[in-house]
Amino acid sequence: MMRHLISAADLTRDEAVLILDTAEEMARVADRPIKKLPALRGRTVCNLFFEDSTRTRISFEAAEKRLSADVINFAAKGSSVSKGESLKDTAQTLEAMGVDAVVIRHGASGAPYRLANSGWIDAPVINAGDGTHQHPTQALLDAFTMRRRLVGKDDGIGQDLAGRRITIVGDVLHSRVARSNVDLLHTLGAEVTLVAPPTLVPVGVETWPCEVSYDLDSTLTKSDAVMMLRVQRERMNAAFFPTEREYSRRYGLDGERMARMPEHAIVMHPGPMVRGMEITAEVADSPRCTVVEQVANGVSIRMAVLYLLLGGNESDAPTTNTRTEEK
Amino acid sequence: MSKTLIRGAKVLGGEPQDVLIDGATVERVGTGIEAGDATVIEAQGQILLPGLVDLHTHLREPGREDSETVLTGTRAAASGGYTAVFAMANTFPVADTAGVVEQVYRLGKESGYCDVQPIGAVTVGLEGKKLAELGAMHESAAGVTVFSDDGKCVDDAVMMRRALEYVKAFGGVIAQHAQEPRLTEGAQMNEGIVSAELGLGGWPAVAEESIIARDVLLAEHVGSRVHICHLSTAGSVEIVRWAKSRGIDVTAEVTPHHLLLTDELVRSYNPVYKVNPPLRTERDVMALREALADGTIDIVATDHAPHPHEDKDCEWAAAAMGMVGLETALSVVQQTMVETGLLDWAGVADRMSFRPAVIGGAKGHGRPVSAGEPANLTLVDPAYRGAVDPAGFASRSRNTPYEGRELPGRVTHTFLRGRATVVDGKLA
């Protein structure tokens, strides 16, 4: 297993499947009367959030607590960071306090990569979303959700998503979710199509392992899963699209469009949804929409990642001296 | 002042010759010159060039003495073989008045390592709103002829037109930092395949090219000359080539780093590769080399941009843009232009000394190596090979993209008006 989780592109097919399989095991914990494993007892995990986030931070915190880790939550607002402290100093301060892993959310693309690769700290780094770059645990929980729904909870064990057709719709340009999903779904054998107005597709997308379409209707009928991305209303002020209504008409998912999807196909959304913009309430509340499942699966996936990265499968004893030797 | 005899150096890469320096002047160039009481430098195998001239240096003083001063910057320049540098105007306060340019000019005189010719700002505070007192800066002791808002683009077309026209009165030139500001809001790196993957804000080539296209047309319209700073794209090369073929009075520079490095390096998210304009693609690098070889691009200029460590030891988006370059420029040019066969040493002398001195009007610099000329000279050992070690830099800053990289060639001696500023690779 790798030391850090920075990008979904870093995962091999087997590593990704191992995480998904481990997450299935973790999911069973949630069905128990006592939802807790002792795997990370005595280990401290810091959630280092430089960017506002509620659901991702809570999801990581729930995962850490279910593995019995000690949890430190660090939000940049109101901390020394807002007084000008650098990422390096913040991270080194936390490590000096004995943090065993850092979960980082940062507004700057590449910040987790820098943290993991600059010799600033030794602890494993888990990327909880960086700028418009990557959000690998989101891609993993999405793949987990797809595998459960499209392959099966038990049948899915050991399986990837070979041949499944996944459509991702919306603001690809500014989306770390889209980038992570394209990378991971390709690794897992799925066929990905991105759908967006041309303004919201990055220059340079031609090398990505996916198709790009500007037409939602023609791709819906060929999709096993349709993932709607959040579209911020402010984008129209920068002329990415003319109005909210025009966006909804051309790229929003409503009941009529959903009806044209294959019967088994699911609707996904990383949340938070902007109802009435990229998705109508009718679709969001339909049984085909997996938004709530995705949230539940997120905890299982993050448990699996923490467990595998922190070597929870070896022994519960902390490996204190290996870390100093690496220096 | 004493005499120095440089023995057996290949002048501009030609046949070995002896060069006798007497005081501040080249006394004789020939073979078999008697040393007499002169200090002898055995220079067999080395290349003798006219002292290098950099049209684009950031010395940071006044205001950011934590990253560089005129003294440390000119020491770095001498180490790199330079005898004259043009100091950019984006200091604190901005060099937009006669007072500031005279201060920088005086600090250069006092340093004694390298002549410093201040560049004046085009607009007050580099803000693009109001023309700075260009005439006053020209008439000052600093005698400014090159004006630039470098770091910022003179993006207002009317302001650019007026500036181009106004400086004609005293033979000035506007050096444009070509960057359309609206197209580069939040831009972090070259827009293309790598930026799409890394999720870093894209800096499109067209942001540079559209301004160059506009400015060469403006220069044509008002009959002025314009200089384009740090050209970085293949498209920019095409526009300058077209403009020159049309007879437009345009000159252009390229930095050493744009001749060697590409945006693939940004994959490391290491801000040492963050620079303005950004590193581009392999295709751009090759086009820039060709253009420098065929003369479409007139000169190499370093855009030496020192920054303190903390401004680079951080996440990409928070980091400052720029690289130091004075002490590695000649080596990069040797590797990318000479060793590829694109340029001979006479060509290097032209692109790094003769032409920049003409564009900037640096008196006594960029002169032929012949009797009676000022002894501004640089001696290079082209056979040297070594990894770049920033710890050895004379610059106060260490933000080089070449750390640990093996580059060819080494400046062994630099002479400023006959006085050795570098001896055996060490500052005198």
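Glycine too: its Cβ is placed from the backbone N, Cα and C atoms.
Annotation source TrEMBL lists carbamoyl phosphate binding site at A:R55, A:T56, A:R105, A:H135, A:Q138, A:G271, A:P272. What TrEMBL lists as L-aspartate binding site is A:K83, A:R176, A:R230. Look at TrEMBL and you will find A:3-147 tagged as domain 'Aspartate/ornithine carbamoyltransferase carbamoyl-P binding'. The domain 'Aspartate/ornithine carbamoyltransferase Asp/Orn-binding' annotation in TrEMBL covers A:163-309.
Shown on the structure are the features that TrEMBL records.
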residue: A:R55; record: carbamoyl phosphate binding site; Cβ within 10 Å: 13
residue: A:T56; record: carbamoyl phosphate binding site; Cβ within 10 Å: 22
residue: A:R105; record: carbamoyl phosphate binding site; Cβ within 10 Å: 24
residue: A:H135; record: carbamoyl phosphate binding site; Cβ within 10 Å: 27
residue: A:Q138; record: carbamoyl phosphate binding site; Cβ within 10 Å: 25
residue: A:R176; record: L-aspartate binding site; Cβ within 10 Å: 23
residue: A:R230; record: L-aspartate binding site; Cβ within 10 Å: 18
residue: A:G271; record: carbamoyl phosphate binding site; Cβ within 10 Å: 16
residue: A:P272; record: carbamoyl phosphate binding site; Cβ within 10 Å: 10
Sorted by sequence, non-A:R55, A:T56, A:R105, A:H135, A:Q138, A:G271, A:P272 residues with Cβ within 8 Å of centre, carbamoyl phosphate: A:S53, A:S59, A:A128, A:G129, A:V177, A:P270
Can you count helix, strand and coil residues in the domain 'Aspartate/ornithine carbamoyltransferase Asp/Orn-binding' (A:163-309) using DSSP? 65 helix, 24 strand, 58 coil
Distance from A:R230 (L-aspartate binding site) back to A:P272 (carbamoyl phosphate binding site), taken between C-alpha atoms, in Å: 7
Report, in whole Å, the straight Cα-to-Cα distance of A:R176 (L-aspartate binding site) from A:G271 (carbamoyl phosphate binding site). 13
Near A:R176 (L-aspartate binding site) in space, meaning Cα within 10 angstroms, which of the binding-site residues do we find among A:R55, A:T56, A:R105? none
Summary of DSSP states over the domain 'Aspartate/ornithine carbamoyltransferase carbamoyl-P binding' (A:3-147), given as helix, strand and coil counts: 66 helix, 26 strand, 53 coil
Cross-chain proximity of binding-site residues to B (CB under 8 Å), evaluated over A:R55, A:T56, A:R105, A:R176, A:R230: A:R176
For A:R55 (carbamoyl phosphate binding site) and A:R230 (L-aspartate binding site), what Cα-Cα distance in Å is obtained after rounding to a whole number? 14
In whole Å, note down how far the CA of A:Q138 (carbamoyl phosphate binding site) lies from the CA of A:R230 (L-aspartate binding site). 14
Take every residue in the domain 'Aspartate/ornithine carbamoyltransferase Asp/Orn-binding' (A:163-309), average their pLDDT values, and give the whole-number result. 96
